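Trainee: According to TrEMBL, the protein carries these features:
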- 1-101: region 'Disordered' (REGION)
- 1-17: compositional bias 'Low complexity' (COMPBIAS)
- 22-42: compositional bias 'Polar residues' (COMPBIAS)
- 91-100: compositional bias 'Polar residues' (COMPBIAS)
- 109-355: domain 'Major facilitator superfamily (MFS) profile' (DOMAIN)
Amino acid sequence: MEKTATVPTVSSSASRTHGLDTITQSRPSTEISENTPAQISQHTSSLSLRSGHSESTPRELEAAEGKTRDELATAAKQRDDLDPELVTWDTPDSQENPRNWSKRHRWSVTVLVSSYTFLSPLASSMIAPALPLLSRDFKVTSSVRESLMLSSFVLAYAIGPLVLAPLTEMFGRRVVLQTTNVMFIAFNLGCGASQNAAQMTVLRFFAGLGGSAPQAVGGGTIADLFEPGERGSAMGLYSLAPLLGPAIGPMIGGWIVQELGQWRWIFWVSSMYGGLTALIGLFLLPETYAPEILKRKARKLRKETGNQKLRTAFEKQDASSWHAKLRQNMVRPFVLLTTQPIIQVFSIYLAIICE
């Protein structure tokens, strides 16, 4: 007569109520014969009590944090303990995650961000053919002052990214890109109305400050949308924009000066292009920064459930004020420059070839 052993197993099902999971358990029994070879493996799983979310997986963590595989494995082990207040993606294939958007959607965003990136270098170089007219109208005789009207725009490229790049990690990509584009349009229109060389130089600097944002955050936006192995083509398109701008800008500026005989239309035309880009972005440019998307989700869940303890992994890890974050992110480039040999070598190399 065969003896049988009864092994209890646990199956869990979760039903969502007001964004929280209700766990129900049942305990059926399974009979296994001693005379029949069987391997019994124990499966342990953490039942997720997160707010309307399933257990974090390596794919989720990679999409949200952009870490390496080894770091993902370590992070997964550290999150084995249940955290009922942790907000993450609903599923690994959640459409809230920008990397899970359709290919067409991701590429449309890539083209739009590349358009933002194309605008600033275009505007910076369009004025070059008009410098003799500007010098004549503003009675500028110094070649240094004449060059400063042209180069003050690009000078802002060295300052803007130090502030704007950290801001995108605190407030998201979309709001920074749209705000700085409006800033560019406003000061670029001011350039068109300038009455002297000093006004032109100062307004060009602030227009360049607004135009520097796509240069600083465009690459991060591509990383938000694509897995590392998929970024080659997208980065190729994005990198083409700042190369085409300075090449096409002088041709357009020269045609405007030749056909219209005055330089102010250079700024009107570039502002029109900036306004069209801003209008399209207002409707078609979504937020792509995963931590910001999750923070908005947590904010919505806190409002719906009344649970003020709901937080994302990013909020739990860094609860400092935005002033402290901004200061930390502004100091970081200088820390990297002074402590990382690879950055020092490339900085010297770029300084030599761009001289």
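The backbone N, Cα and C atoms fix where each Cβ goes, and this holds for glycine too.
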Trainee: Would you mind giving the whole-number mean pLDDT across the domain 'Major facilitator superfamily (MFS) profile' (109-355)?
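Mentor: Summing pLDDT over the domain 'Major facilitator superfamily (MFS) profile' (109-355) and dividing by its length gives 90.
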Trainee: So, by DSSP, how many helix, strand and coil residues make up the compositional bias 'Polar residues' (91-100)?
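Mentor: Across the compositional bias 'Polar residues' (91-100), the residues distribute as 3 helix, 0 strand, 7 coil.
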